[in-house]
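Okay, so here's the structure we're looking at.
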Amino acid sequence: MNHALRRATLGLSPGLRASRLQQSFAKHQIPAVYRCEAASTPLQRAFTTSRCFRQETAAESEKDDAARREEQSERARKRQARNVTSGSSAQTLENDRPWHRADSGADPDAPKDVPENKDMKKGRLLTTPTRLLKLILPMPFHPEQEHVNRPVEGDVDDAGATVEPLALLIHPHQPLSYLERLIQAEIPPVQYKGREKLPDIVFRAEADQNEQDGRKDDNKKKDNANVASYSGLGHEGPTNKEANWVRWSGSTEIGDFIRDAARGREFAINVEGFDRELRVAVPSFRDRTYYMRMTLRRMSRDIESMSKVKNECDTLAHQGAHRLAQGGFAALAGWWGVVYYVTFHTQAGWDLVEPVTYLAGLTTVMGAYLWFLYISRDLSYKAAMKVTVSKRQAALYQERGFDQNRWDQIIHEANNLRKEIKIIASEYDVDWDEKKDLGGEEVKKVLEEEKQGRDGTKVTEGKDEDDGPGSSDKIKKKQ
C-alpha cells in the first residue's frame, strides 16, 4: 500500500505534490486548533501560515462573542428576577445603583482627605480655590440596602457597614432643588405603596424666631423686631441647644441658604423614609473667603516688591521731567541775555537783532503748533509733562525689568478680590480687617491709588485726561 501511494505521489506535478504533503502534515501533526485549509495552486508554493493565524483569531473572537452573549443573557435573567416595579420613576436596579459601589482599592495606609465612615458623623461644606463649594455628605446606608425605609436584615455580613461619604461640587448660584436632585441620584429609593419613588429631600436651617416664641428680651428696641441677626461664625459659633429650625424652599440659591444658615453651627438635610437627619457644618466667613484671602496675600507680596521698583522709576521720571522744564527756562533766559547783549553792547544793534528775534519767535510758535498736531492733546504744561514723564517711565521700566502689563493685571485681580471679599463680608455682616490680609497700609494705599489714578499719569473714570478748567466734571457743574 505504501508502494502504491509513493507511485501516485511521484506521478503528480511538484506544485501539487508540495500542497498534498503540507495538507497531510497539517492534518496529522499539527493540533486541531492550528488546522487550516490550504488551497492548491499549481506550479506555486503553498503559504498557509498567515491563513492559519487568521482562522485562529476568528475562532477566538467567536468564542468571546458566545461567552459575552451568555453572560449578558445571564445578567438579564437576574435583573428580570429582581425587577419589582415597572414605573417610570423607578431608579436603576441593584447592579447599577451608585450606593452599591464598593470602596476604592487605594492603599489603606495612605492619607485620606475624608475621614472613615464610622468616624464621620456630620457632613462638611468646604471651599475650593474656584467659586465652587465641596459638600462632603455621610451616607448612612448599607451597601446592600435597596430602599431607604427598609434596612437590611440582621443576617447580612457587616450589618453596621455604610457606604463611603459622598462628595458633590456645587455652585453658590445654583438652587437647592439642583442639590436635591444630586442627592436623590446617589441614595436608594423609598418603597411607597408597592412601588419605588425618589425620596423627598428637605433642607432646614436655624432661624431667628425668638420674637414668635416670646423669649425676646423686653429691654430691646421694638424697631429691631423684624431684622434678622447674622453672625457669620458658622461652625465656629457657640452651640445653641434651643435653636429654631425653618424649612427652606428648593428655589433658594445655595449661596443665600448657606449665608443665612451661618447664624448657626450647622444645617440639616432630611431624607424621606430615613429616621435620622443628616447634619452639615456651615462654613464661616473665614472659611468662605480662605482661598480668596490667601490669593490676595500672595498678590500683596508681589505688589509690594513691584511697587518699590515702580516708585523708584516714577520718581526718577518726574525728576527728569522737572529738570527738563528747568532746562527750558534756562534756555529762554540765555536767549534773552544774548539778545540784550547783541542789541546794546555790539555794533549790530537793533537792526540786526529785530528780524532774528522775529523769525525765532515765529519758528517757536510753528514748532509748538506742529507738536500739538502730533500729540492731539491740549497744549499745556500738564500735557507736556505727561508726554515727558511717560516716555521716561517706559525707558526706566525696561531698564529695571519692570513689566507694566503684569503690574496692571495683578492690580486689577487684587482689586477684584477685595471687592468680592467685601461683598461676602457685607452679606455675613462681619468686619473684614483688610490691612491684615494686604500686609499693611502701604499695599492698600497702592491699590487705592492705582484704582483711582494718581500723579496725573492715569486716567480716572468719568474724567478727561486733563483735570484743568475744561474737565468734564466742571463743565457738567456749570451746566
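Just so you know, glycine gets a Cβ as well, placed from its N, Cα and C.
Between the listed ranges 26-34, 197-205, 350-358, Swiss-Prot ties the annotation motif 'Selectivity filter' to 350-358. The topological domain 'Mitochondrial intermembrane' (345-354): residue composition by secondary structure is 7 helix, 0 strand, 3 coil, according to DSSP. Same-chain residues lying 6 or more positions outside the transmembrane segment (324-344) and placing a CB less than 8 Å from one of its CB atoms are 350, 352-353, 357, 360, 381, 385, 388.
Per DSSP, the compositional bias 'Basic and acidic residues' (60-75) is made up of 16 helix, 0 strand, 0 coil. Mean per-residue pLDDT, taken over the topological domain 'Mitochondrial matrix' (376-479), amounts to 74. Listed in sequence order, there are no same-chain residues at least 6 apart in sequence whose CB falls under 8 Å from the CB of Glu354 (Ca(2+) binding site).
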